[in-house]
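As annotated by TrEMBL, transmembrane segment applies to A:20-40, A:148-169, A:190-214, A:226-247, A:259-280, A:451-469. Taken from TrEMBL, the feature coiled coil applies to A:332-362.
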Amino acid sequence: MKRLLLNTEFKNLVREKVTVIIVAFSIVLAGLAFVNGHFFSQSQNEVVEAAWTSQQHNITEAATQLPLRLSTTEPVQWWQDRYDLRAQAFYVMVNYATKPPLPESPIAIGQADVLPYYFRMLVQEKQQVVQQYDYVHPLNLLLGQFDLSFVLIYLLPLLIIGICFNALSNEQHSGQLRLFLLQGGSAGQLLAIQILLRGAIVLVPFLVFSNLLLVLFREHIEPRTLVSFSLIALLYGCFWFALCAWVNSRGKSAATNAAILVTCWLSFVVVLPALINTFITHANPTPSRIQYIDSLRASTDEAKKASEKTLAQFFQDHPELASTSASGSDFATKKIATINAIEQAMQELDEQYQQIQQAQLGKAMWLEYLSVATLTHSILVELSGNGLVRHNAFMAQVQLHHQALQSFFAKGIVEANQNGDFSPCKGCNARPTITDLSTLPQFDTNFSTPSVNFAPMLWLILLSLLLVYSTSRNVCVLASPQTTKMVV
Amino acid sequence: MFRETLTKEWLDAKRQGQLWWLSLIASLLLLLACTTGWQSYQSYQSDAKEVAQQEQMRWLNQGEKGPHSAAHYGIYVIKPATPLVALDDGLQEYQGNVVRLEAHTRNDGMFRTVQDNLPMARFGSLTPAFVLQVLLPLLILLIGYPMFSAEREQGTLKQLLASGVEPLQLFMAKCCVLFAISATLLLPVIVYLLFIQFGQSDTAKLASRSAGFFMVYISYVALWSIITIAMSCLLKSARRSLIALLTIWALSTLLIPKLAMNYSTHVYPLDSSQAFQNRLKREVYTEHREMALERFKQSLLQEYAVSSTNELPFDFAGARLQFGEQYADAIFDRLFGERLEQLQSQTDSYFLASLLSPMIAVQSLSMAFSASDFHHHQHFLAQAEQHRRMMQRVLNHNQRDHAHKNKGHYVANLSLWQQIPKFEYQPSAFTDLAHHYQVNWFSLILWLIASLLLGTFAVRKLTKEPLR
Amino acid sequence: MQTQPKRPVIQIDNLVKTFADHTALQGLSLTVNQGEILALLGPNGAGKTTAINCLLGFLKPDKGCISVAGYSPQKDVALVRQQLAYIPEQVALYPRLSGLENLAYFSKVAKVAMADCDFRALLDTVSLPNHAIDQPVSGYSKGMRQKVGIAIALAKKSKALILDEPTSGLDPSASHEFSQLIQRLARQGVAILMATHDLFRAQEDAHRVAIINKGKLVETLHYQQLQETQLEAHYLKHIKVGA
């Protein structure tokens, strides 16, 4: 029986022009979204690779040009001298912290176009480091990226609705359902087959094509990731199939079904996420960045004004350096001490930002269950490595790297100062204090990222099951004798 | 006759249960959006005002120091917002609204709000602009899609036309009713626009911006009302008209804007900030610069007929700094200009897509009137850069003119800091930037004309209705 | 021309159905025997369609008993539906499928195991033009759709056939052809209940005519009586009395 229904429904669909249009749309959208996501990730990859290349190039170039520097008698400005620790620390260092896009990045670009993915490291306040960003057209950020997650979350449900809104209602209102039931057919089976087949017509081309493109063009993509992506897409699709089935099972006209389904789509995909977002940002407002700048400015002034006190505090915090320090403190040590003081002064405010973000995340974690779209989006974004989880892990690693660099330079500068390397004699050049740039701490791109939590998808399964249960009840009613009014 | 038809249409619409629910939900969303928009605007403005004041105090009270130290100390300037930002915050969150003005460097805006947001924020926030541009057309089509097609299905349309009702009058009556209902939803916006006219310093500018803002949205409502009624009239069933209208809506508000912008960024790519910064450094700090500085030195020595810079009647370091600034400024102008050109091309290419989507035209004009778009931001950045250059010039000239008179390290004081006026950004009059939005105006008018043509076509079909 | 009635296939006894605002059936009782054609006559709103819907198991009666080949739609709706076939005024078929495909589909849903050639033969039996068999149903006339409907009923080999205004809107020749077909079915032993307004067809085809008004059976006329009396006069008399 199932096969018969499947065959007939398939024949019916194949003979409808709109089916071809929908399949074509599904494939074209998958292709466009992949291409856009792929180019985006590729451009990020190029930047990361360029950073890595220039860092390596700088190391090799410094090694080759060292003899020349050692033999020069020309005056060398210390702030331009790549063999001077101070210049490296504050001005000329080519040292990058990068977050290379993952092979699965085109799936959901998420915040990847907004959040910084590389930092040129210098010994300066981390507040100055982390505010770097890649300049893109703000309109591009406002409108967002046309990626696979956008197609899956926004457009595929519309296509599913477009092809499923009249699944049973068409038969019901044209009278075939009456004949079908009289012939002993099961309305539940008919509806299930109609919805699944129609849903598959939308979802399967999208999944097949997008997976194919991911395999062909994204090297090193793991099969596990493809399976996860496909499963998430299937579960999300299943929710919409179940919703379509449920709306159809209520026995209303096709136009009413379409209006109900579109309202559901609008609520889940457009209005609820915007409302949740507005609620979160108003319940836990992020402190003003304008005020942050004000505090940063005030702290900088304070630290600079009290530079001697700041230096004393710095040596108190770093006794290992104080023991080796020369009696006089040079500009560089003072600068590092000031940087430390500013960072310490800003720590409270930085933590406040983190706490607010945690509070917002905490709220988002629960509120995203209100909309299947937000739930799916957050999992897809994390799966593709463009979410906050990986970004926070990256930022933590950046901070560690920043500290490592600061300690490296603080120690080196104090020692060089003690040895008199910066002014070996009056009017002569400083001695090279760093000859091998590969000894500089390098950023470890293999920072560990917590694995993606797929548990929220259970909510989708539960919702779908509830809808299926309610649909089966509605369909039973549809097929059984009515007491009040005719529905078939 | 028209009056009777109008009354009947109004009664019919009034008795539709869904109309009230949809209108109520839309009104509540719009009110909520207006309230949160107003709150955000107020808090942004008060922060901006307070911090700008603090920054000015800091500048004045920086104590005695060398003018060049003061140039490095610099100042942060903040882009103020117009009250219309409460209705359409446009790109406000997506571009840094604070710029550091300092020696030797031209900075981009800092701290984009969007960087602090959760990924969920990319679904969009509930702002009045979002409600007006995305949800309002949907509401119009949900109310209007059955206006003709349902009558056709019930058979009352044929009866009505057979009884001698003028098709044009019937069409216009339905359009008027739908337009009136939808325009009513603009009421909170109108109230807000009137409210902000009081207590503002530059009322004339704001009034013209408000009027333009209102015009754009009223045209948008009219456009969607006509399209909805025309489609309802042209298509055979309510189902078909609903699907066709939803497709137009999805294409216009979801698909085309995103695709158009993504396409524009592919066609006119930008260098990464890393590449851009490297290029700036590479092109500013070159041997050519050293040679230019040397030439400058020689020309001064020659002009003043002296053999050493110490013999010049002014401080050479100050003059050299200013020369260096001007040298760098020329390169900044070229490189930032090239980047701006790419960004303009991206914007223009996106604006061109307004021929395909009326939402793009409305969105662009709305952001333009509320001074929260790309062009207004560039205007702010340009003014900030002018201010930076003026600052550097005053400070360097002060060093040039006074440093040589002092023995030892020259320090300036409050009197010099006071010579730098406070940065007061005034958004330009809309007319000054209006040329950027010609395509959007053209598209909006074209869409209105196209909708009227569609309406005319629908009326012609309606004339033949009893024969169908 | 008619065969003798045999044992009852459709039995309706004291059927009552009330909706919120009116009573559609007020103790209707009817019987249709094997091989018998019963025409159900009545004005609009008399309760004909409600009675049919109760028989088909789409409506639950408030009171009374229904039996189709011994099964009750209230209890064994699936078994009842196995026993009967139904042809409405407008036979609902899938417009994009051909007549043959529709017949095959609906027959297979009813678990009728037949080969493709058997389905063709059936369509031939109901005189569906050969050229139309493989054409999409969207191009069929109403009469052609009715023929496919009968073919579906034939394939099912049902014991009862229920017709709701089957000849309404058919031209006289199509109507005649249709009546030939149902008479053939009756001769094969199928019990046929035909709700109609067409007094001529009722007089021509039916073994008995049941006139109902306001949900009640007001008179039953036998074949013999039909030949003798003016059906129209009877009908109008009852309707006027009822009004």
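Cβ coordinates come from backbone N, Cα and C, glycine included.
TrEMBL entries are annotated by machine, without manual review.
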Contact yes or no, the transmembrane segment (A:148-169) and the transmembrane segment (A:259-280), 3+ Cβ pairs under 8 Å, gap 6+: yes
The transmembrane segment (A:226-247) and the transmembrane segment (A:451-469) contact flag, 3+ Cβ pairs under 8 angstroms: yes
For the coiled coil (A:332-362), mean pLDDT (0 to 100): 88
Other parts of the chain folded back onto the coiled coil (A:332-362), taken as Cβ under 8 Å at six or more residues beyond its ends: 85-86, 89-90, 123-127, 280-281, 284-287, 292, 295-296, 299-300, 302-304, 306-307, 310-311, 313-315, 317, 325, 388, 406, 409-410, 413-414, 417, 422
Tertiary contacts of the transmembrane segment (A:259-280), as residues 6+ beyond its ends and Cβ separation under 8 Å: 153-154, 157-158, 161, 164-165, 243-244, 247, 252, 360, 363-364, 367-368, 370-374, 377
For the transmembrane segment (A:20-40), distant same-chain residues with Cβ under 8 A (at least six beyond the ends): 105-107, 109, 112-113, 145-148, 150-151, 155-156, 159, 162-163, 201-203, 205-206, 209-210, 213-214, 217-218
